[in-house]
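One structure below.
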Amino acid sequence: MIRTLVHAKIHRATVTGADLNYVGSITIDEDLLEAAGIWPFERVQVVDVNNGARLETYAIVGERGSGTIQLNGAAAHLVNVGDLVIIMAYAQVDAKPEEWEPTVVFVNEQNAITEVKALLPVGGR
């Protein structure tokens, strides 16, 4: 059976900008996109840890090493600069739970990568 599973997660990144006048999307530092395996224009879900808002948009490439996490367009209404967000991308796969290992990118307050690891199922392997 094909299921939709999270394949990539950027965990607790800090929002650095919000631009209402941009045409949409979330701008993400290229280093973070590469580490997570998220492609430019890939659909992502963004969850604001501070206010509980959840939204879907698509990723665009931000300057490498900049730490940029910027919500653009209408989504900018749902976050504040300084909020913590979790960014997730999903894939449709035909895999058993014990075979699936999404990539999780952990960052510090400046959105620099501190750790990249596979998220194991509950109970590990």
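Backbone N, Cα and C atoms are what each Cβ position is placed from, and that goes for glycine too.
Copied over from Swiss-Prot:
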type	residues	note
MOD_RES	Ser25	pyruvic acid (Ser)
ACT_SITE	Ser25	active site, schiff-base intermediate with substrate
BINDING	Thr57, Gly73, Ala74, Ala75	substrate binding site
ACT_SITE	Tyr58	active site, proton donor
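Features as recorded by Swiss-Prot, highlighted on the structure.
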residue	record	Cβ neighbours (10 Å)
Ser25	pyruvic acid (Ser)	19
Thr57	substrate binding site	18
Tyr58	active site, proton donor	15
Gly73	substrate binding site	16
Ala74	substrate binding site	12
Ala75	substrate binding site	21
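In sequence order, Gly24, Ser25, Ile26, Leu55, Leu71, Asn72, Ala76, His77, Leu78 are the same-chain residues whose CB sits within 8 A of the CB centroid of Thr57, Gly73, Ala74, Ala75, the residues recorded for substrate being left out.
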